[in-house]
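Here's the structure, in C-alpha cells; my notes come after.
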Amino acid sequence: MAEKSYQAGVKEYRKTYWTPDYVPLDTDLLAVFKIVAQAGVPREEAAAAVAAESSTGTWTTVWTDLLTDLDYYKGRAYRIEPVPGDDNAFYAFIAYPIDLFEEGSVVNVLTSLVGNVFGFKAVRSLRLEDIRFPLAYVKTCGGPPNGIQLERDRLNKYGRPLLGCTIKPKLGLSAKNYGRAVYECLRGGLDFTKDDENINSQPFMRWQHRFEFVMEAVHKATSETGERKGHYLNVTAPTPEEMYKRAEFAKSLGAPIIMHDFLTAGFTANTGLANWCRENGMLLHIHRAMHAVLDRNPMHGIHFRVLTKCLRLSGGDHLHSGTVVGKLEGDREATIGWVDLMREPFVPENRARGIFFDQDWGAMPGVMPVASGGIHVWHMPALTAIFGDDACFQFGGGTLGHPWGNAAGAHANRVALEACVEARNQGRPVEREGREILTEAAQHSPELKIAMETWKEIKFEFDVVDKLDTGPMLRVVNA
C-alpha cells in the first residue's frame, strides 16, 4: 500500500483559510461579507468557510491539493470586524489572488464570490457588501462603451443634468401612439425618452414597429428644436442573436442610444453588447430591473454598490441609481457613495457612505447615474443638489401626468431644471431654497405652475429598508 503523504479527513476551515497576519497585495481582489454564523460556529471558522468555498476549498481534504500551490491560490480571511448595532452579524474581509479569475470576466468573479457559498449551511445569512477590484484587473475589462464626456460631446450638451422620461403606460400602447408620446416629450424640452424595462416585443407592439415610429419621432423633434435627441430603444431579447439583430436595426435607423436590462439578461450578454456599442459608436443605457431581489435585504444577497462596480466593468454608459427622494428604495449617503463609484476615477474608502475599500478605476470612463422613479418638479432642487451635473433625471409620470399633456409636462421639467441650475451657479443653496426658486420660475411658466399645483402633496416618505450600518467601527482583535 502506498504511503499517505497527506492527512485525509475533515478539518476546520480556519486551520487553512483564516490568516489574520496576512497583508493584502495591491493585486489581490478584496471582498467584505456580512455574515451571521450558525449557532455554535465561531466567527473565524465561518469567515474561513466563506473564503474556502469561494476559492479553492471543499468539504474534505483531497489528495489533489498536493498537485498545486494551494497556499498561493486560496482565498484568505484576514480580518473580522463587528457590524455596528448588531451583535449577531460581523464583517469578514477576504483576499483572493488575482489569478483565480479570468481576465475581463465579471461572470467568473461573481460565480466564485456569490456562487455555492451563499447556500452554505455554516452561515445563516451572507451578504457581499463590497469588492475592491485591483487596478490590474480593471485594466482587463472593457468598461463603458463611451463614458460621460464622450456622450456630452456627441449630444453637444454641457453644464446641466440631462432630462428624460419613461413612456407610460409601460405596456399596452400601439407603436404609433407610443411614437406620438415620444415626439411630444422631446419637443417639449426633454433630451431623452425611454422604453420601460419590460417593453421588448409583445403582441400589442412588436419591436420593429416601435423602433420605426420612435425614431421618426426622434428625428422630427431634433429637426424642430435644433437639439440632439434620443430614445433608449430596449434591445433586451430572448437570445443574444436576437439582441444583436435589434441593435443593428436601431443603428440602421440612426438611433444614438440603445438600452439593456443587464441583470435579467445577464453579464455575458451585457458585456457583449457593450463591446458592440463601442465598435459601432452607440451609447448604452442600462436598466437595473431585478436588482432589489439581490440587494434590498440588508442581511443576505449582494449590495447594490457591488452591482454598480460590476456594471462599470462589464460596460454601460447610463445606469439607474435610485433617486433618494422618489418612490424607490435608496439611502442618501449610500446612494451618493455608489454614484461616486459610477463616475469618479478614484474613490477612497468612506465607511460613512458604505465604501469599505479604495477603488482605483484608472483611465476607465465613468457611468452616468440615472435618477428615475416617482420624481416630479418638486424634487428638482434636491436632485440637482444630490447628483450635480453629470446625471440624467427621468420623469415618467412626472411628465406624462401633466394636466396639459406630455409636451407641457416636459416643458415644466426643463424650466424647473434650468431654474435650479441657474440658482446653483449663483451660489444659492438650491435644496434649502427650492420652493422659492421654483415659485420664481413658475411666474414665467404656466406649465411649471400647473405641475407644481398638481404634485404639491405627493411624497414618498417611507423608511429605508437597507440602511447603512451605523455606529462606531471597532475592529475585532484577531485571535
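Any Cβ shown, glycine's included, is placed from N, Cα and C.
Annotated substrate binding in Swiss-Prot involves Asn116, Thr166, Lys170, Arg288, His320 plus, out of the candidates Ser105, Ser201, Ser252, Ser372, the residue Ser372. The recorded positions near Thr166 (substrate binding site), taking a 10 angstroms Cα-Cα threshold over the set Lys194, Asp196, His287, are Lys194, Asp196.
According to its DSSP assignment, Thr166 (substrate binding site) is in a strand. Here the binding-site residues are Asn116, Ser372, and the one ringed by the most other CB atoms within 10 angstroms is Ser372.
Each residue contributes its Cα atom, and for Lys168 (active site, proton acceptor) and His287 (active site, proton acceptor) these two points are 16 Å apart. Cβ proximity to the Mg(2+) site centre (mean Cβ of Lys194, Asp196, Glu197, cutoff 8 Å) flags the following additional same-chain residues: Thr166, Ile167, Lys170, Asp195, Asn198, Ile199, Tyr232, Asn234, Met259, His287. In this structure, the CA atom of Arg288 (substrate binding site) is 8 Å away from the CA atom of Glu197 (Mg(2+) binding site).
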